[in-house]
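Asker: Here it is: the structure, laid out below.
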Amino acid sequence: MAGQKKLLCALAGEKQDVPPIWMMRQAGRYLPEYRATRAEAGDFLSLCYNSDLAAEVTLQPIRRYGFDAAILFADILLIPQALGADLWFVTGEGPRLSTITTEADFAKLGPASDIHETLNPIYETVRILSRELPSETTLIGFAGAPWTVATYMIAGRGTPDQGPAHALREENTALFEALLARITEATIDYLSKQIEAGAEVVKIFDSWAGSLKGEAFQKYALEPCRQITAALKERHPGIPVIGFPREAGEKYVGFAKATGVDCVALDNSVDPEWAAANVQVDGCVQGNLASRHMVTGGQDLVDDTRRIVEAFKKGPHIFNLGHGITPDADPDNVQLMIDTVRGG
Ligand code: CP3
């Protein structure tokens, strides 16, 4: 596949001597240029909805490091907002939303078909990026998985154990499932519009998939991901999908086959050698360096990076972190990781 983008080759199943590389949250607070643009925008949400500035922060890590992929700058919580939930961010604490715990709360949400008026600036960001990115860089669009998005909509904030969402799932299954169905429908339309605007790959972030056990994982993590992937493949054949059922553990095995995703992103709680033998056998995998190395650096970073490259080198692999880079990371450690992947 000479002349093709490295990331798309990996997603098509090609094994490469040097894997393509990008990083979750690569546009973020560890970069001084991100902090400056965010200050110019005023706050995080204003940055998400300002197409020119959102495109600018997406491009910053590409200019600085030459990653093989750029991920659209936005947030998984824009869908709840587009459905009519209130959303704001408390500095130093994280997101806050109006809560959905009763039928009356749910009835206040709009239909999935109404989300685009709010989300049009995001599609415009994608259009700008597809014009401005270097020709070798792949543009990734994304959305949150229905379960993860629902955990925030139900609790109104991030929670350590997703307790309120599990409680609603058990106490009012019909309402919980209606909420998941609404988010699923909105997500399919949202990702379709990103693809129409120029996204070449989409990624589904299920950050809290690991808290769903047994049959609940099948019903509320695997099944919505399968539905979204099937609908996208029907509307946009040939657009690869990356699934990220974070902390799925043993349930990473067979996830790609069961959902139809082209690649499974792995968090760093799984052993790379185990994942090569049990998950990569079904196709491309992405991951999975611990993000703490971006804070601590040194020989440990180099050793773990080499171990991951080595473990996955017999099949298609996209190098990435196991979760997002944190604000206290040192930009020089990112360069060290890239040099290690590309230079051995
Ligand atoms: O990866 C990227 O660079 C693309 C942009 C992106 C952001 N959030 C920007 C962001 C993506 C893909 C996300 C996904 C996201 N958002 C997830 C799933 C992945 C994960 O991290 O588990 C979740 C759960 C969210 C919800 C969210 N957004 C939280 C809980 C927070 C607050 C926590 C924090 O890090 O402050 C955010 C804010 C957020 N989203 C920031 C960024 C760069 C930091 C905001 C800032 O600049 O102050």
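Indices start at 1 and increase along the chain as displayed.
Backbone N, Cα and C define each Cβ position, glycine as well.
Note that TrEMBL annotation is computational and uncurated.
TrEMBL feature annotations, pasted as is:
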BINDING   Arg25, Gln26, Ala27, Gly28, Arg29, Asp75, Tyr152, Ser207, His323  substrate binding site
DOMAIN    20-29  domain 'Uroporphyrinogen decarboxylase (URO-D)'
DOMAIN    140-156  domain 'Uroporphyrinogen decarboxylase (URO-D)'
SITE      Asp75  site 'Transition state stabilizer'
Asker: List, by number or range, the same-chain residues at least 6 past the domain 'Uroporphyrinogen decarboxylase (URO-D)' (140-156) whose CB is under 8 A from its CB atoms?
Answerer: 22, 69-72, 74, 76-77, 79-80, 85, 95-101, 126, 162-165, 168, 176, 179-180, 183-184, 187, 190-191, 194-195, 199-209, 212, 220-221, 224-225, 228, 242, 244-245
Asker: Can you count helix, strand and coil residues in the domain 'Uroporphyrinogen decarboxylase (URO-D)' (140-156) using DSSP?
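Answerer: Residue counts for the domain 'Uroporphyrinogen decarboxylase (URO-D)' (140-156) by secondary structure: 10 helix, 5 strand, 2 coil.
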Asker: Please report the three-state DSSP label of Arg25 (substrate binding site).
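Answerer: Its secondary structure by DSSP: coil.
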Asker: Using only the residues recorded as binding substrate (Arg25, Gln26, Ala27, Gly28, Arg29, Asp75, Tyr152, Ser207, His323), report the maximum Cα-Cα distance in Å, whole number please.
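Answerer: Greatest Cα separation within the listed binding residues comes to 23 Å.
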Asker: According to DSSP, does Asp75 (site 'Transition state stabilizer') sit in a helix, a strand, or coil?
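Answerer: Note: Asp75 (site 'Transition state stabilizer') is coil by DSSP, not helix or strand.
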Asker: Using Cβ atoms only, which residues of the same chain lie under 8 Å from Asp75 (site 'Transition state stabilizer') while being at least 6 residues apart in sequence?
Answerer: Phe44, Leu45, Cys48
Asker: How many other Cβ atoms are found within 10 Å of the Cβ atom of Ala27 (substrate binding site), counting all protein chains shown?
Answerer: 25
Asker: In the structure shown, which of the binding-site residues Arg25, Arg29, His323 has the fewest Cβ neighbours within 10 Å?
Answerer: Arg29
Asker: What recorded positions in Arg25, Asp75, Tyr152 place CB under 6 Å from ligand 1?
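Answerer: Arg25, Asp75, in sequence order.
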Asker: What is the pLDDT of the domain 'Uroporphyrinogen decarboxylase (URO-D)' (140-156) when averaged and given as a whole number?
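Answerer: Overall, the domain 'Uroporphyrinogen decarboxylase (URO-D)' (140-156) comes to a mean pLDDT of 98.
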